Amino acid sequence: MEISSTITETQPQKFALPVDSEHKATEFRLFSAAAPHMRTFHLSWVSFFSCFVSTFAAPPLLPIIRDNLNLTATDIGNAGIASVSGAVFARIAMGTACDLFGPRLASSSLILLTAPAVYFTSIASSPVSFLLVRFFTGFSLASFVSTQFWMSSMFSAPVVGTANGVAAGWGNLGGGATQLIMPLVFAVIRDIGAVKYTAWRIAFFIPALFQTLAAFAILIFGQDLPDGNYQRLQKSGDKQKDQFSRVFYHGISNYRGWILALTYGYCFGVELTIDNIIAEYFYDRFNLKLHTAGIIAASFGLANLFSRPAGGMISDMMAKRFGMRGRLWALWTVQTLGGVFCIILGKVGSLGVSIAVMLIFSVFVQAACGLTFGVVPFVSRRSLGVISGMTGGGGNVGAVLTQLIFFKGSKYSKETGITLMGVMIICCTLPILLIYFPQWGGMFCGPSSEKVATEEDYYLSEWSSKEKEKGLHEASLKFADNSRSERGRRVHSAAMSSSEATPTNV
Amino acid sequence: MAARGLLLVSILVLSCFAETAFGAENIISFASLKKTLVVSASHKQGLLKAGEDKITVTWGLNQSFPAGTDSAYKTIKVKLCYAPISQVDRAWRKTKDNLAKDKTCQFKIVAKPYSSANQTFEWVIERDVPSATYFVRAYAFDANDHEVGYGQNTNAGKTTNLFEIQAITGRHVSLDIASVCFSAFSVVSLMGFFYAEKRKARKSQQ
């Protein structure tokens with residue numbers, strides 16, 4: 001069912017970017033701040049960036065904090081685990097909140113409610129209080145889900161992968177930037193005259209204020225959809241509400257969601273783990289200054305500037321030629337190579353080689369994150385929010401597990417832990433071999449030849465016949481049509497003949 | 001692409017082996033040093049406070065050693081060192097025999113040119129010293145700045161004459177107040193925004 005552009009609406013809206021029938025932008029112009037699409041993009045990635053800065057503000061200052069609060073290696077490990085465990089369930093809940101309240105209110109509420117945890121880090125005085133503040137600050141990482149949800153609401157299929165990849169990648173940059181920012185801020189405050197143990201406390205006000213201001217910006221300048229905010233649209237009947245229980249069921253009963261949750265735990269989860277341990281690793285192993293260790297640690301996270309978006313773009317490129325099978329092969333290959341370089345990183349003993357290996361490792365691991373979210377949008381249409389939340393939450397579970405097994409206490413030296421983590425990456429990436437779409441195939445099998453499986457069969461299986469009678473499945477039908485390009489080049493001619501939503505300028 | 005990756009990996013692995021092969025230096029081992037100095041530390045009873053309390057350190061050559069033992073000694077560095085109990089589960093304070101990698105003694109009390117007579121120094125505990133249990137050790141350095149002898153105020157097992165130092169918290173009342181105020185402001189402003197939205201919605205309906 002196409003919505004024709006010749007029907008004039010009561011209020012003809014003018015958008016700075018070309019839009020489709022749902023008013024989603026069909027172009028992604030990075031250097032524009034035009035409302036609402038690009039402005040949303042910038043609000044979104046900056047606020048997500050601020051959450052990452054806050055969550056990983058402690059690790060680069062740990063050499064100071066561990067002496068001030070008398071922390072043991074076990075205390076530090078526990079706090080690191082706590083910092084990423086809160087978001088496991090928060091990410092799944094965030095998907096629901098976005099559905100019900102809209103990404104603008106959901107994300108700004110989360111960010112403002114977790115800001116106190118960052119302010120209170122300044123007055124932490126024991127291992128327990130340190131763990132608590134890191135735990136509550138970590139909840140803010142659930143804003144990943146609202147970022148992706150918001151991008152999917154503002155950007156159309158041809159550019160949604162890029163928009164999602166850049167927003168997520170630039171947000172993850174915060175994990176790297178904070179390793180630079182915090183030692184710098186600490187040094188400035190200390191040089192002004194504060195003693196070490198006071199300087200780090202004052203330094204925490206910077207990420208806290210940044211987070212508060214980012215949330216204000218969202219509330220003042222943001223809007224949920226190209227046409228306005230949820231509250232207004234729901235009252236006028238322009239937006240349909242789906243049933244939460246059905247959406248949730250179809251999400252968690254899809255095995256592909258669980259496999260992707262596991263594998264995302266071993267690209268994104270590994271990224272979070274490294275954010276937590278790498279500064280201390282370089283400081284202790286190579287006897288560097290705090291400032292220097294921070295710069296090296298930062299370069300890991302800063303690679304996100306291009307590597308995660310590149311992963312998304314590689315996924316799209318592979319899909320053009322080889323369809324979904326190409327996406328899966330690219331994901332498995334890149335993530336496995338990430339594991340190989342992780343093993344090497346733990347083994348090298350000289351500083352220069354260590355930095356080089358870490359940089360290569362970071363590119364592969366972050367590209368794998370981007371590649372994962374090249375597959376996620378196709379797993380389910382009705383339950384996209386739940387699948388995204390599961391995958392995102394799985395990322396944090398991976399971070400919790402790796403820190404628990406390899407980086408808690410003094411059982412393994414950090415270098416051994418890193419090598420073993422690499423082995424675990426390779427093992428936990430193998431399940432991608434099991435992902436199979438009847439209409440497109442999997443890594444080793446082609447599409448189902450027993451019966452002609454179509455995209456419609458797959459996406460409409462999420463709706464009951466009663467729901468189909470009411471016509472609730474229309475959006476899934478449209479999506480199924482658009483997703484035919486996942487068959488790859490050999491059926492490109494078939495894809496051309498099926499009608500796609502023509503972009504319209506309103 | 002896989003072949004190039006394999007080549008890159010093998011070059012990296014080979015280069016790190018090459019680095020370790022050429023990396024051997026002159027390692028000064030703690031076990032090779034003789035305990036030729038007598039060191040003692042006196043302080044008040046009980047818990048010492050960083051930034052406030054003092055430790056008086058006295059050191060000198062152990063006269064029972066043959067004359068000429070101290071011919072190479074040029075400087076003495078007296079350091080504050082972690083006792084074993086404060087090293088548990090803290091790899092960044094680990095004792096290693098290779099003195100270049102040893103992290104037992106991280107705070108310098110004083111450095112003085114060597115003299116054969118006994119010397120004393122009164123040290124106010126610096127404010128960045130963390131809460132832990134400590135002992136005092138003095139290293140004798142030669143003209144090349146290599147350790148050639150040592151002495152400490154405790155026994156070989158580091159169990160006697162230990163003292164505890166309590167660090168400053170680094171907290172100030174003004175920081176506490178600022179934290180609470182800004183946190184409250186964040187939460188209250190969120191409520192304010194919600195309220196303003198509700199009012200706008202009600203107004204637009206009228």
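From the backbone N, Cα and C atoms, a Cβ is placed for every residue, glycine too.
Here the structure is a predicted model, which means the values were calculated and not measured.
Some features that TrEMBL has for this protein:
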type: COMPBIAS; residues: A:495-506; note: compositional bias 'Polar residues'
type: DOMAIN; residues: A:40-439; note: domain 'Major facilitator superfamily (MFS) profile'
type: REGION; residues: A:481-506; note: region 'Disordered'
type: TRANSMEM; residues: A:45-64; note: transmembrane segment
type: TRANSMEM; residues: A:105-124; note: transmembrane segment
type: TRANSMEM; residues: A:131-150; note: transmembrane segment
type: TRANSMEM; residues: A:170-190; note: transmembrane segment
type: TRANSMEM; residues: A:202-222; note: transmembrane segment
type: TRANSMEM; residues: A:290-307; note: transmembrane segment
type: TRANSMEM; residues: A:328-349; note: transmembrane segment
type: TRANSMEM; residues: A:355-379; note: transmembrane segment
type: TRANSMEM; residues: A:386-406; note: transmembrane segment
type: TRANSMEM; residues: A:418-437; note: transmembrane segment
State the non-local partners of the transmembrane segment (A:131-150) in its own chain: residues 6+ outside its ends, Cβ under 8 Å from one of its Cβ atoms.
40, 44-45, 47-48, 51-52, 54-55, 58, 75, 78-80, 82-87, 90-91, 93-95, 97-98, 103-104, 106-107, 110-111, 114, 116-118, 120-121, 124, 164, 167-168, 171, 211, 224, 373, 385, 388-389, 392, 396
Which bits of the chain, at least 6 residues beyond where the transmembrane segment (A:290-307) starts or stops, bring a Cβ under 8 A of a Cβ in it?
52, 56, 59-61, 63-64, 169-170, 172-180, 182-184, 186-187, 271, 274-275, 278-280, 282-283, 355, 358-359, 362-364, 366-367, 370
Within this structure, do the transmembrane segment (A:355-379) and the transmembrane segment (A:328-349) have 3 or more Cβ pairs under 8 angstroms, counting pairs 6 or more apart in sequence?
yes
At a Cβ cut-off of 8 Å, and with pairs 6 or more apart in sequence only, do we get at least 3 pairs between the transmembrane segment (A:355-379) and the transmembrane segment (A:386-406), yes or no?
yes
Two-stretch contact, the transmembrane segment (A:105-124) and the transmembrane segment (A:202-222), at least three Cβ pairs under 8 Å:
yes
Suppose you look only at the domain 'Major facilitator superfamily (MFS) profile' (A:40-439); what would the mean pLDDT be?
90
